[in-house]
């Protein structure tokens, strides 16, 4: 029979080859290269062993890494049994319990029951169980006891990216308690010699140092993650504000001119497809310059905001209003004829007459003039807007505070009659 050293070297070589094959297979599962024949692709194997769900598959890959570490510890113990260094019965109990536990966790993961838990990854309960098995392995491990310490550090280090500081403190406390107890027991089993006691104390002190270091690292990582999340939230808020400014008028909160043109273009294409029409109304606050001159620009800004709110409140959810420029507003009435649009504008005028438009000047009342027209098939939007603008000027010329159609719309209606 080969010497124990040669056997260990052979097992290490086989373990290295298995690790390389596992890494290569996992990589192929993730890449699923198209140049491979269908029967050689590993996507089907990944779906079969882990899950077809991408989230479950990611959790399954992390679980398999933990399984590999557990099996490495079990393999090390069984090598010790083969060479008569570890009690076979104790190793059998540990191996059986470990395999059953891994099977239970795998069944939870593969069946999807883990998704019903608060933490679908089950990182903390798995870590607690692994710490228990490693402490058990340290107790019966004989000369290979340091392997349990190495695997403990590997497991805790692997979970650093997903665990929180309180979780790691709990896991480290459990590890310190269990390993402290088994180290005391090992020192007693080895006859209570001074050298055995010293070595166990050295192992325990080094373990405590490593655990404290890991906790400090995770605390720093948690702080950095928190800062990164705060920065990300601030960035998202800033991007939302930029999007808001890109589409909305800052003073009134209405859509701005550029975004309104996009909405008009979309409505035009929808109208072409559906065969329906829409109306446009150009609104201008009467004598707005006089308001600014008499009450100041602060009051003028209040007037603009309150007029915008009154117009918005009088429209349907499908209608769109935008600040077109200065004291002008453009309203798009979807699926509406001219008569209905005129009636809506008149109701808004009546509501505005009862509205306090400036807190600093509660007696102030304003009116608006409006010109309305409807979109004609196959015409450019600029022509529709121009007609609404002409109708607005006609309303101003007629004495303001009224709603008029474009004269060309009136002529077309007369000819149709």
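Each Cβ is built from the backbone N, Cα and C atoms, and glycine gets one as well.
All TrEMBL annotations are machine predictions without curation.
TrEMBL lists transmembrane segment at one of the ranges 182-200, 201-219, 220-238, namely 201-219. The feature transmembrane segment, as given by TrEMBL for the ranges 38-55, 92-109, sits at 92-109. Only residues 6 or more beyond the boundaries of the transmembrane segment (121-141), in the same chain, are considered here, and those with a CB under 8 A from a CB of the stretch are 59, 62-63, 66, 69-70, 73, 76-77, 80, 86-87, 90-91, 94, 97-98, 101, 105, 108-109, 114, 147-149, 151-152, 155-156, 159, 162-163, 167, 170-171, 174-175, 178-179, 181-183, 185-186.
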